[in-house]
Each structure stands twice: as C-alpha cells, then as structure tokens.
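Novice: Sharing a structure below in structure tokens format, with a few things to ask.
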Amino acid sequence: MQQLMAVPSCALQINGSFQTHFISESFNHLKTSLSSAAKPLFKELQQLPIKKVNNVSETMKNTSGKILDALVNSMFKFVDQPLLPSQKNFAPVEEIGSLVEINCTEGEIPPDFAEGVYIRNGNNPLFGGLKSAVSIFGQSHHSWVDGEGMLHAVYFKKDQNGRWIISYKNRYVETETFKLEKHIHNKPCFLPVLQGDASAVLAALLLNGLRFGAVNKYFSNTNVFEHSGRVYSVTENYLPQEVDISTLETLSDWDVNGAWDRPFTGHPKKAPSSGELVIMGTDAKKPYYVLGVISADGKKLHKADLKFKRSVLSHDIGVTQKYNVIIDHPLTVDIQRLAMGGQLMKYEKEGFARIGVMPRYGDAESVKWFEVQTSCTFHILNCFEEGDEVVVRGCRALTSLIPGPDDDVGFNNKFEWFSEGFNFAHHTKDVSSADDIFAEPGYFFSRVYEWRLNMVSGEVEEKNLTGTEFSMEFPFINDQVTGLKHKYGYTQVVDSMASSTCGMGKFGSLAKLYLEESYATTSAEGKCEELIKVEYHKFEENNFCNGSVFVARHGGKGMEEDDGWIVTLVHNEETDVTQVHVIDASRFGSDAIAKLTLPQRVPYGFHGTFVSMPSQS
C-alpha cells in the first residue's frame, strides 16, 4: 500500500492543531479507561500547583514537561514494526551527503530533454523504521503512510560543450517535529496516532498535544510542487515547507503571507491560463474543508469555507478553465467515534459520495453538487469542460486501503486483508456492501473512471474507462493540459501478484491511456462496457517503479501532447539497485532510452515532479 495512496501521502494524518476543548474532553474520557496502575500518575498531574498568573512561568512549563516525559517513558514502549523479506525496499535509508555525480548510465539523455531536477518525495522513518507504541492502553501504530519525508533529487545539467552532467542527492525534509525528535531528543517522542486500540490512540493524541502542542508529526512526505519560482514539500496534515532546490535544505513553512493557517493539500493544481494555484485543506475540526486560490505570484489568497458537515480525507482537487472540482467521499475522521471505541479514520462503505463543481472564486453556496456512486477516489487524472458538462477522470476503487482494517483484526489478518485486497478476482457482488471484509478479493482494485457532470440538467453519467486486467493508480498527465481536454494520460500499474505476496503496493509497469480511442467489450458480470485503448511499458521481473512524471520536450509548446518523456524510479529487488528510467512517451512500449544507476538504493515512495532549471551559463 505504500504506493497506492500518498494517498496517498495520504491528509493521511490528523491535523496537527491541538485545541483546549479536545484536551479536556479526551482527558475526561481517558480517566475512565485508565488502569489502577496509571491513575496515580494522572492524579499527580491534576494536582500540580496552578499559579494565578497570566503567563505560566518557564519553571512551571519545564516541570510539567519533565513529568509528562517521565510519564510517557514509564508507560509507553516503542517497538519496531517488522518488515518481511519482500518488503525490504520499504525500509529507510540514510542521507548520502554531498551531491554525487552519476557515471553509470545505459543509453543517452536526448539533447532536447529539459535541464532541471527530478525530485521524488516519500516516507523515510527516523530511527530505523515505523513504530508501534505499547502501553497499558493497548497499542497504537504508525500507518504505512507515516514516516518523515525524504527528497531524492536527480539533477540534469549540461556543461559548456552540451554534455550532460547528471548527479544525485537525497535529504530529509526538516520540519519542526523532525528537528524536535532528531536534533533535540534523538529518539522517538511522538506516539503513533493513526491506527490502534481506541484508548491507546486517544492517549497518544492527548499526550502528544500536551507535550508538543501538536497531536501528530509533520511528515511532509507526500509530494513536491513548484509555484511562483519556489519549490515546496508537502503532506496534507500541515503547511508546505519551502525547499532550496539546489541543496534540498528546508527553508521555512509557507503560510501564504500569514493568510493560510490550516492543513494544505498534497495535490495543489495550477489553473490553466492564469497560473493561479488552487488548494484546499481538510481538518478533523470545523471548518472541515476550506478551499483556496493563490495568485500566480504567490502573494494573494481567495479562501472559502465549503461548510462540510463531516470531516473527510480528501486527497486531491481538480481544476478546469472556470471551475474547481471537489471530491467528497466517505473516508472520514471522527474524534467522537474514537472516543466511543471506534477508529479515528474509517471508510464508511454505507456513506455517500459526491463531486462538487465551484466557480474559481466561489463560496459554499456557489458549489453545484452531484451525487455519485459510493466509492473512494484518492487521485484525479484531469478535469475539463465540454459543452454543458464538466468531465472528471480519476482512479476509483470500491473501498479505501487507508488506514487499514479495524484494529480488532490481528497482525496476520491485517497482512491477509491487505494481501487479498491486491489480489483481484472478478467481482460477483457489490464489494461496497459486503459485511465480511474477506468476502471478495480485490477490494483495492482501482480502475480509471469517468464522471460527466451536466451543469444544466444536474445529471451524472459515470463509467469505467479501463478494464479488470490490471489495477491502476498514481495517474499523471503532461502538465501543459491540466484543466483542458486532452488525448493521453498515464498511470502506474499494480503488480497484483507481487503486491499480494508483499501486502504492500508494487508497480510492475506503466500504462498510457488513449482517451479518444475506445472499443466495446463485455465485463465479467456480463455488462457491455466501452473501454479506452491502453498501451503498457513493462519492466523486467522483480523491478518496480514509483514517482513517475511526464517531462515535456524542451520548448515543446504547440507540439504533440505526448512529445516528451516519462521519468520514473525503478528498483531491482534481485540486485537491490535503483535506477532512473527515461522513457519516450511517443514510443511507450519500447525500452527506456536511458537508465541511470543511482549511488544508493531508493525506497519506494510517493509522488515526484520535474522542475525546469535552464542553465545560467
């Protein structure tokens, strides 16, 4: 699953803000579930002397902090989450240090490839890997989307003679919580909060908030994007971090000149023509969903509370020439559900799903909502206007692999749950209404899907665009056609057998989608479907890709939409070697035109981008 969401990277964690009312409510609930061994410690905390002054003294803060640290150290034990042999490339790596030139190459980089930097983000947990915290409350666990962000960058630059100089560097994204754990404490401090026994998760939220003022770490591990000449790393539970693209040094948080004070989507979109950046932020407390439009120069912000009545984990947002496109599916975050013994995050299979279309500078009242079949869509391929319709295309599954099964499923069954989810079999019933999570294999199976939303009649037409041969995720396009009608799209293709064996998502090939070429076929259920043409680029056995992006030919505006290259990381699990593959998008089924061997292994991660950097010489 590491790859199927970043899902995503995944907004995949509860927002870092910590409110006084939540501390109070959680504390009262937690007291009722404490064992007799823990109650005296909390009683001691409650009896700490409170000085009647406006500002608590530093001495008091330090004393309380030390008591809380002692409490956590005595009651909680961090343990490593084991990795199977088939999961070894999900393990973290160290920073390599200085920039390393790449000399081991197969093939050649074409002369009209753009000078610039390919950067891929992904989780690279501190202190050896993901953890669980064991205590008298039970266990809480890091999810597969947790872990500190690490940027892996490949620099493409020409010398004065036009010869390519290619180099590699990696570096952690140093958020405030990274600095706290790595540089100040040099050990795990934040208790995991996304999965686990309800009392353990509630205790973790409470204690993290009391100790650090944030209920979870700021991982910044999902994506990298550029706006107004600056580059940012982001995960949607916090603000983006600006990064120096030359050194990968983390500079500062970006709050749009103080105008944005909440989580920030991992998938902002540039509006066609204007260059404005459309963003959104979801939260576990009201306002649940706020949309923003940032000016092309990065200085001004239009902001609108869309007045959602539930907290949803919405990972992506779409744009057209005139509209913003909003995904509202039933993957919810609910503190009250957690307090009642349920999951903090849960896919509500009986819940509703809808897609909203909003004028660029609209508000909650201006959104036109379309009810659609209940499903889970983490990633949008593209959106555009066609006549009276707004067309939305994305990767759609019948359930969510985040955060995982209910925690009363044991470790072995958790592996089985993930394993069966990747092992697609033809459906004979509606998985979304099945009571038994093991009843139907392939519940993570994701197909490229299309919704046609008629802005005049209010009607919706929805259908699959791809079949059931392969599950597809992490869609991408030539960024020049974002928000516009287009011919081609691309996805990473799940290797269902390898993913099922591993219990984590692995991508054994890439797909090119011919969106204007279709054919009629009959589905496994006997239904007639009109599917699009798909071409595949397959890697060698036990080679898997991630972080794929389209790089347009330098100066390629006005040329064919597929005039460019796919750049992707490919890891060989037999040799434990990672390469960068450069694939001609117009000769998609052919072998890569260049393969660059990196100086160290790169773990599987999430999203990548390419930032052009024309030579100054």
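In case you wondered, yes, glycine gets a Cβ from its N, Cα and C as well.
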Novice: Going by the Fe cation site in TrEMBL, where H267, H379, H607 are listed, which of the candidates H315, H329, H537, H554 is also part of it?
Specialist: H315
Novice: I'd like the Cβ neighbour count for H379 (Fe cation binding site), meaning other Cβ atoms within 10 Å of its Cβ, all protein chains included.
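Specialist: Within a 10 Å radius of the Cβ of H379 (Fe cation binding site) lie 24 other Cβ atoms.
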Novice: Helix, strand or coil: which one is H379 (Fe cation binding site) in, per DSSP?
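Specialist: In three-state terms, H379 (Fe cation binding site) counts as strand.
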